[in-house]
Amino acid sequence: MNKKGIKISIIGSGFVGSTTAYALMMEGLASEIVIVDINKEKAKGEAMDLSHGVSFVKPVDIIAGDYEDTKDSDIVIITAGAGPKPGETRLDLINKNYEIFKGIVPEVVKYSPKSILLVVSNPVDILTYVTYKLSGFPQERVIGSGTVLDTSRFRYLLGEHFKIDVRNVHTYILGEHGDSEIAAWSLTNIAGISVEDYCKDICKGCEGNFKNRIPEEVKNAAYEVLERKGYTSYAIALAVRRIVEAIIRDEDSILTVSTLLRGEYGINDIYMGIPSVIGETGIKRVLEVKLSKDEEKQLKESAEVLKENLNKIPIK
């Protein structure tokens, strides 16, 4: 974005929203951060706590406010809504968060009609679709956090397994941010070497079942964190920061954000995590990467899961 000051508003000051504000502040990505929450005192407390540390980072104004204070935001990040409790899946939250979004999105659009909307609340793929419909924005300006975090978890676990720097592990998790997501093994490599060849020629210590075990660990990662600490915050905040960074710096980075499919992969009219080129206008391109036949089948099945659940709410 070719402008001096970047204004980012965060709707929701819970664990994810407040940690996201901290991550953005630490990276120096905004000149102004506005935090909005139904619990105004909580939002004020978060803004105060963050503001007390601004002497240690690049100059930034951090305030708690109402929707009118978000006016002319460049990016609006929506983290508000009910989070999953232990034993719940993300899809269990559909109806509760749909009702919450009906109150949020029109207010955001009213004050920032040219903004890019970044949805983080769960179930993120469905709520991104809801935001797209409620906002009337073009699809490239309505983005979900998608499987950006899942992909990071996958890379981390593969790096741990192969005892290699995670930055040299290249792969994607695609589809729903949830239980029907798929691991794109056909695209997975370590410094250009397929995991099969790496295992056979270099690692030579694999127990053989990692291709089943690791994707399950990725799927269950959030649930395990929930069981232990009651919520997730740090990793998702860093994932959101990465998406925002790609937008603000017009990086043309490829990230597995939740994007609207219009026939790609034989899938129509659903948001899901797909490799997409991200820059200052939002989603610049949706990439159709070559998947195995089985992965294509699983991706379509993931889309069907999302469509079945989307049909539970009266969105038009």
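A Cβ is built for glycine as well, from the same backbone N, Cα and C atoms used for every other residue.
Residues annotated as NAD(+) binding site in Swiss-Prot, with sequence analysis given as evidence: Val16, Asp37, Lys42, Tyr67, Gly81, Ala82, Val120, Ser121, Asn122, Ser145. The feature substrate binding site is assigned by Swiss-Prot to Arg90, Asn122, Pro123, Val124, Asp125, Asp150, Thr151, Ser152, Arg153, Thr232. The feature beta-D-fructose 1,6-bisphosphate binding site is assigned by Swiss-Prot to Arg155, His170, with sequence analysis given as support. Per Swiss-Prot, the feature active site, proton acceptor maps to His177. Sequence annotations record features per position, and here Swiss-Prot assigns phosphotyrosine to Tyr223.
Asn122 (NAD(+) binding site) sits 9 Å from His177 (active site, proton acceptor), taking the C-alpha atoms as the reference points. Its Cβ taken as reference, Asn122 (NAD(+) binding site) is surrounded by 29 other Cβ atoms within 10 Å in the chains shown. Thr151 (substrate binding site) and Lys42 (NAD(+) binding site) are 32 Å apart (CA-CA, integer value).
The two recorded residues Pro123 (substrate binding site) and Gly81 (NAD(+) binding site) have their Cα atoms spaced 10 Å from each other.
Counted over every protein chain shown, other Cβ atoms within 10 Å are most numerous around His177 among the recorded positions Lys42, Arg153, Arg155, His170, His177. Distance from the CA of His177 (active site, proton acceptor) to the CA of Val120 (NAD(+) binding site) is 11 Å. For the binding-site residues Val16, Val120, counting C-beta atoms within 10 A of each C-beta gives the highest total at Val120.
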